[in-house]
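Record features, source TrEMBL:
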TRANSMEM  42-66  transmembrane segment
DOMAIN    44-341  domain 'Sugar phosphate transporter'
TRANSMEM  78-100  transmembrane segment
TRANSMEM  121-139  transmembrane segment
TRANSMEM  145-165  transmembrane segment
TRANSMEM  172-189  transmembrane segment
TRANSMEM  201-219  transmembrane segment
TRANSMEM  231-250  transmembrane segment
TRANSMEM  270-290  transmembrane segment
Amino acid sequence: MTRAQLTRTGILRMALGGGAADPLLPPAEGGGGRRTPFLLRALRIAVVVCLYWFTSIAMVFLNKYLLDSPSLRLDAPLFVTFFQCALTATLCLGLSLGAACGPPCSSLPTLRLDPKVSRSVLPLSAVFIGMVTSNNLCLKHVGVAFYNVGRSLTTVFNVLLSYLLLKQTTSLYALLACGVIIGGFWLGVDQEGAEGTLSWTGIFFGILASLCVSLNAIYTKKVLPVVDGSIWRLTFYNNVNACVLFFPLMLLLGEFRTLYHFDKLGSPSFWGMMILGGVFGFAIGYVTGLQIKFTSPLTHNVSGTAKACAQTVLAVAYFEETKSLLWWTSNLMVLGGSFAYTWVKGLEMRKVQEDPNVKSSEGNETGV
């Protein structure tokens, strides 16, 4: 989740709330054509879920290497993020130019830089920069195993901001799930401190990343009409704006001087890892959309929760770490609370679809 949060959030909101279809994704099934055999559908879903897991986990490990590898020793997190934004904008433009060549890019919108649109997207771009930068800084200062817990408060901020900004109430059961997440977060912080691996800097950026992810979702919905509801056009403008805004930040924090003295700046392997990390970051938006299309938004969230669990176990095994029972309990609380929240919201959405009057009555009885 580190890199392509905007693309993933946009595609997810398209799947949940309608809007323009994603031109790179296949059409949803069940539209009147012949139904695909069950075995083929199951195999395709399994492949898509595995692809999502592989891309997401590989992206986190690659970013951890680029941000905090003892062998690389590159203390320039903004430059890593800037490069990935630049690569994303380039790939968007390249796919748009490939539209003239026919399938599979023929349905992609034409991209051109309109200064007026760019200015309209600028507020979202500022939130986007805060999101991707705080994500990467959190990953830099905490271990991959704790990364999921360190930035686990996104759901809590979603509920809080929905009430403060959108005046949307949340059911009691959903609030209880958020309480479990908060308890797991604090238990995880306590256990990291007990093991001597706690980084308050990483915790700060994890909380900030959770807040920015929630704000990004809200601003994305507000800005989408400016780009005619096109996620790919919004991704292009957002990353172009981010590249421009990153320059003064990199200059202010002295990262250009760090790069000048970096001994691997001319290394092909270093640039290969940088490009690979950027490609994985760009690809996660596409495979997220695939998973939603071939399953459902609810199944996607469940798959993401299970992926986070697998990512934690892999990180502990790969880095040969030893964790206490309470540390594992904190992870289970975060994952369990996230799963419970997803399940409760899925049931509520189903009730609303069956009876629109349920929403108002539930809000009056249990809303907070």
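Each residue's number is its place along the chain shown, starting with 1.
Every residue, even glycine, has its Cβ placed from backbone N, Cα and C.
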Average model confidence [pLDDT] within the domain 'Sugar phosphate transporter' (44-341): 89
Contact call for the transmembrane segment (145-165) and the transmembrane segment (78-100): at least 3 Cβ pairs under 8 Å, seq gap 6+: no
Residues from the same chain, set at least six apart from the ends of the transmembrane segment (121-139), whose C-beta lies under 8 A from its own: 1-3, 5-6, 60, 63-64, 67-68, 77-78, 80-81, 84-85, 147, 150-151, 201-202, 205-206, 208-209, 212-213, 215-216, 219-220, 222-223, 226-227, 234, 237-238, 241-242, 245-246, 249
Same-chain residue ranges lying at least 6 outside the transmembrane segment (172-189) that approach it to Cβ under 8 Å: 146, 149-150, 152-153, 155-156, 159, 198, 203, 326-327, 329-338, 340-341, 344-345, 348, 366, 368
